[in-house]
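First up is the structure itself, then whatever we jot down about it.
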Amino acid sequence: MVSWTCLLFLLSQCLLVSTYFGRANAQTVPIVPGLSWNFYASTCPSLKSTVREQLQIVLNQDIGQAAGLLRLHFHDCFVQGCDGSVLLDGSASGPGEQSAPPNLSLRAQAFRIIEDLRRRVHQKCGRVVSCSDILALAARDSVYLAGGPDYDVPLGRRDGLNFATVNATLANLPPPSSNTTALLNSLAQKNFTATDVVALSGGHTIGISHCISFTGRLYPSQDPTLDQTFARNLKRTCPAANTDNTTVLDIRSPDTFDNKYYVDLLNRQGLFTSDQDLYTDSRTRGIVTSFAVNQSLFYEKFVVAMIKMSQLSVLTGNQGEIRGNCSARNSNNLWLSSTVEETEKGSYSAF
Ligand code: HEM
């Protein structure tokens with residue numbers, strides 16, 4: 001009798017805890033007020049299946065897009081919070097976040113995939129799901145469909161009305177030439193621990209980079225921490241500092257979301273200084289090694305850090321808006337759609 005009471009008590013505590021913390025290894029990540037694990041349960045019950053099924057089709061054709069979507073979510077969240085601002089095109093009043101140097105190498109196709117998902121979701125549910133939530137879901141599905149862990153993301157983000165300035169973008173996205181001290185300092189401002197930093201860097205287990213992002217390690221002189229054969233091959237791909245070629249981030253399994261990125265680091269085959277220095281620096285070396293030998297541990301810490309990242313400075317409740325087009329705020333859309341409608345009616349045929 002006593003043990004049944006205990007069991008029931010434990011069960012009720014589990015249920016209580018799961019409402020706050022979601023499933024799969026996310027137990028230690030609290031969710032911010034305004035977000036919830038089942039935000040669209042009544043307003044858009046088909047949201048998660050719509051996104052996942054469509055991405056399954058898209059990624060079956062080109063798994064490389066998984067990397068593009070994951071990086072897009074990261075660039076959204078680090079600059080002004082996960083408010084979909086990186087999706088906004090520039091305006092007549094000035095250049096948008098998209099034209100900041102770190103964003104120039106975001107994949108154009110990733111923006112199209114998000115807008116296509118938005119259209120499908122809004123077709124089914126109406127304009128109730130934000131672009132920033134669709135991006136957060138697309139990023140987590142990309143991780144899963146590339147072979148990585150499956151996890152829940154809290155939902156309920158609203159879309160921002162303004163994009164960040166070029167300077168704010170530069171200030172919030174550390175360059176690949178950063179050493180571990182710079183990386184830890186920069187990410188500590190967003191409350192990330194050293195474990196979070198190493199886990200998030202594991203996003204580099206998929207995807208590609210342009211030469212310009214790492215040729216500082218090859219020319220004029222070679223970074224001594226680079227493995228010789230690896231460096232020779234990189235020089236072949238990038239015979240000059242600004243060659244417009246690309247190479248994979250994880251030479252062992254570039255399209256699979258696994259822990260091989262950390263094995264690369266152990267072998268001095270990390271592509272960026274910001275990657276390789278995580279193994280050189282004594283504060284992060286042990287974490288790198290622990291992920292290299294234990295993929296489940298990496299997955300667990302990655303999920304925690306991603307859920308943290310996905311909640312950075314989110315807009316909730318009545319803040320912001322739910323965009324009807326991810327690349328433009330609604331007021332601009334209204335103007336656009338009314339112009340188009342008028343044109344279609346023939347009233348402004350001279351346009
Ligand atoms: C923390 C510091 C980080 C730095 C310095 C950094 C830097 C970079 C750079 C320079 C590129 C290549 C850009 C190019 O030349 O094409 C890249 C690609 C990428 N990054 Fe990061 N990144 C960081 C964190 C992250 C995080 C947190 C994630 C996700 C969790 C991530 C995911 C990716 C992915 C998936 C790609 C490949 C994109 C593609 O193939 O289109 N990065 N990163």
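Yeah, the Cβs are placed from backbone N, Cα and C, and that goes for glycine too.
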Member of Cys211, Cys326 annotated by TrEMBL as disulfide partner of Cys238: Cys211
Member of Cys6, Cys82, Cys125 annotated by TrEMBL as disulfide partner of Cys44: Cys125
Matching residue for the Ca(2+) 2 site, where TrEMBL names Thr205, Asp258 - out of Asp196, Asp250: Asp250
Record TrEMBL, residue Cys77, disulfide partner from Cys82, Cys131: Cys82
Neighbour-count leader, CB within 10 A, disulfide-bonded residues: Cys44, Cys77: Cys77
Conformational class of Cys238 (disulfide bond) under the three-state DSSP mapping: coil
Filtered recorded positions, from Cys44, His75, Cys77, Cys238, whose Cβ is under 6 Å from an atom of ligand 1: none
Residues flanking the Ca(2+) 2 site, with Cβ no more than 8 Å from the Cβ centroid of Thr205, Asp250, Asp258 and excluding those residues themselves: Gly202, His204, Ile206, Leu249, Arg252, Ser253, Pro254, Thr256, Phe257, Asn259, Lys260, Tyr261, Asp264
Shortest C-alpha distance to Cys326 (disulfide bond) - which of the recorded positions Cys44, His75, Cys77, Asp83: Asp83
Neighbouring C-beta atoms (10 Å sphere around the C-beta of Thr205 (Ca(2+) 2 binding site)): 29
